[in-house]
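K.L.:
Attaching a single structure in structure tokens format; questions to follow.
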Amino acid sequence: LQTLDFSGIQVPTSSSSLTFQGAGATATSSRTTLEQDPKIIRDMFLANPDQLALLKQNNPRLADAFLTGNLDEFATVLKEQVEAKADRERQRIRMMNAHPFDTEAQRLIAEEIRQKNIEANMEAAMEFNPESFGTVVMLYINCRVNGFPVKAFIDSGAQTTIMSAACAERCHIMRLVDTRWAGVAKGVGVQKIIGRIHMVQIQIENDYLTTSFSVLEQQPMDMLLGLDMLKRHQASCKGHVNIVSQCEISLKKNVLHIGTTGTETPFLSERDLPDCARLSVQSEDELMNQSVREAEERDLARALQQSSRDASGPSRSSIPRDPHNIILPTDRFSDSDVKELVSLGFTREQVIHSESLAAANSVIAELRRFKGDKTQATAALFAKSLKF
């Protein structure tokens, strides 16, 4: 056999190996520094509003620190979270290495495998189905309720048509709420139903339709057209399969079709949506808190208005005195003469506050009539008081 010569093979030295390891360590260190640099991360979020919206959902504490505009506060929160993550990772590795067959270690290993599967699934979706990460615009239409413009949400999954208390106030139909229909609405959350408005006119394009509303106390959405209204008027949106009885939901033409009249109205684009339906504007909790604050402000304004109305109402002391009940400088009698006749049973206000007697029945009027003659004034008052 031919002898193999291994002299030409160069075995890597420890120095080259150390150089390679050093380069890798330097790359890892630079990447870690890049990930932990608060200024770089802040600039990244400033340049990507979409990522900032995602941060608000996934890490509200870090997002709040970012929105303050204080770099030191943002760096402090970021450092705390990075250190906490590193501590958890070190604890996980130490536990798995110390007791690989321990129940807790097995649970951590299973959780790590599950997380890797989730990451792999998300990466596959981002590569082959990226549109799934987009957000669909909700279906809204323009309409008028009692003559007032409203942006209504079309929801074929809602059982009844609902309206917020704030919208009912704006449309001047809050006075029609029947509180006997009060209750609780259960869906994604639980809300209080103030009552029901049994019939209201709603205008869609040139059609005038009637519907009923359940009025919710704390509802960020102004109005929602549910199945009760859609079925009654055979509303249809032709396109995607979401057929309910005679109503077919279709998005091909992007319109709402009223079956009873044949009218079509287009769905609103994203720029025309109300604030509560815009993307990445406010979370659901923020919208609910805002709705609660608006309800409290309405109640406070109503209470203040009622208080001012009561305070400005006519009082007994503010009623102007009749000139017949005032002693004038030209009169030939004094206040003592008036008191003398009043002691006989006649009052100053005998006529002023009575609709059945004339102004001459007052003591002062009679004294003035007879030029201060108390005898004739007394006789006239007795004579008139005895009339039936």
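Keep in mind that glycine also has a Cβ here, set from the backbone N, Cα and C atoms.
Look at TrEMBL and you will find 1-20 tagged as compositional bias 'Polar residues'. Annotated region 'Disordered' per TrEMBL: 1-33, 299-330, in sequence order. The annotation compositional bias 'Low complexity' is assigned in TrEMBL to 22-33, 307-318. The annotation domain 'Ddi1/2 HDD' is assigned in TrEMBL to 36-101. TrEMBL lists 130-236 with the feature domain 'Aspartic peptidase DDI1-type'.
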K.L.:
By DSSP assignment, list the helix, strand and coil residue numbers for the domain 'Ddi1/2 HDD' (36-101), in that order.
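P.N.:
For that range the per-state counts are 57 helix, 0 strand, 9 coil.
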K.L.:
For the domain 'Aspartic peptidase DDI1-type' (130-236), what's the model's average pLDDT?
P.N.:
87
K.L.:
Quick one: DSSP breakdown of the domain 'Aspartic peptidase DDI1-type' (130-236) into helix, strand and coil?
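P.N.:
Once the DSSP states are binned, the domain 'Aspartic peptidase DDI1-type' (130-236) shows 22 helix, 51 strand, 34 coil.
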